[in-house]
Amino acid sequence: MSVGIIGAGAFGTALGLSLARKGPVDLWARDAEQVAAMRDTREHAKHLPGVPLPGTLRPSADFDHTAKNDILLLAVPMQQLRRVVSDHAEILTGKTLVACCKGVELQSGLGAAAVIADLLPDARIALLTGPSFATDVARGLPTALTLACADEALGQVLQRDLTTTNLRLYRTSDVIGAELGGALKNVIAIACGAVIGAGLGDSARAALLTRGYAEMQRMAIARGARPETLAGLSGLGDLVLTCTSDHSRNYRLGLSLGRGEAFDPSITVEGAATARAVAQEAARSGLDMPITHAVVGLLDTDLTINDAMADLLSRPLKEE
Ligand SMILES: NC(=O)C1=CN([C@@H]2O[C@H](COP(=O)(O)OP(=O)(O)OC[C@H]3O[C@@H](n4cnc5c(N)ncnc54)[C@H](O)[C@@H]3O)[C@@H](O)[C@H]2O)C=CC1
Ligand SMILES: O=C(CO)COP(=O)(O)O
């Protein structure tokens, strides 16, 4: 089946590069100048400099042309997903749509697949998530991802069609678990970056990563996810990658917070809005999410990193 990608940022372009090894892929960007530059230079200078774009990857500023493909991958930032889908709802109705964003929508508390379902009840929806830096995918390095789809038959088709020589896709029908694993790990990565940035040490990071994982499970299971999904690529796998690598923008935002440095606000950092969305839901439902609350406190500058750690360390002692 033919593939089109909506969103020519780092990840959409990287996925396009990988999939274009199997056949033609259309890549839509809203910015016609960016499309012209990609066509002329055969490079995505801003996000993937030095990686040549093959002729089979076809940048386009024509949404409707790109949307004619059988499978559409949506690779825009989470907080922009509703706008992109609703702006093009007519042409997207009934299509096979694979959300590639990681986050929880601030206004609704929904994950990526749920936002699409909310807008397009007739769409055939899946989610592609898991540990995968765009730079690695773009350079053809080995990567394993999770393809989540409630419709098992469609999931099998997508798993086959979106697997490439360097992208190996595993399948699950637990869309909520996959969605929340990918969203919540970004919040924990901000926390881990902050402790490293503040010089609090690798042991503190290991503690946050592990207790953060417990927090992710708590929220995901409360929303109906299966625990084993959180233990897979979309949860633990991506958590480990994002909490331990300077390549992660969420982790780098955390490093800046920990060091008291400014961070470029134009960089896509999904964990910031997700932390706020999740903290709001936790407050409503009474779920215990102390690390998420600490991250919101750091982002809002209500807390210093030392205050946040002191709060976490002084919580009542409990069983693990
Ligand atoms: N970069 C990475 O390594 C990975 C990113 N992701 C996820 O992919 C999603 C996209 O991230 P990136 O590509 O990295 O971000 P990015 O910042 O590199 O690119 C985002 C793209 O979306 C476009 N965009 C923003 N708002 C738009 C709108 N309203 N309409 C049309 N286009 C719009 C921007 O122009 C930009 O080209 C995020 O949810 C991220 O978590 C997932 C795995 C890896
Ligand atoms: O999701 C990612 C890797 O799997 C990318 O992480 P960042 O968005 O933090 O860069």
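One is the number of the first residue shown, and numbering goes on along the chain from there.
Every residue gets a Cβ built from N, Cα and C, even glycine.
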Quick one: which of Lys68, Lys95, Lys185 does TrEMBL put in the sn-glycerol 3-phosphate site with Lys102, Gly130, Ser132, Asp238, Ser248, Arg249, Asn250? Lys185
Which of Phe11, Phe263 shares the NADPH site with Arg30, Lys102, Ala134, Arg249, Glu270 in TrEMBL? The record says Phe11
Here's one to test understanding: among the binding-site residues Gly7, Phe11, Ser248, whose C-alpha is closest in space to the C-alpha of Arg30 (NADPH binding site)? Gly7
Cα of Gly7 (NAD(+) binding site) to Cα of Asp238 (sn-glycerol 3-phosphate binding site): how many Å, rounded? 22
Across the domain 'Glycerol-3-phosphate dehydrogenase NAD-dependent C-terminal' (174-309), DSSP labelling yields 102 helix, 0 strand, 34 coil
Calculate the distance in Å between the alpha carbons (Cα) of Arg249 (NAD(+) binding site) and Gly130 (sn-glycerol 3-phosphate binding site), and round it to a whole number. 15
Gly9, Gly130, Ser248, Arg249: which of these binding-site residues put a Cβ within less than 6 Å of any ligand 1 atom? Gly9
If the criterion is a C-beta within less than 6 angstroms of any ligand 2 atom, which of the binding-site residues Gly7, Gly12, Arg30, Asp238, Ser248 pass it? List them in sequence order. Asp238, Ser248
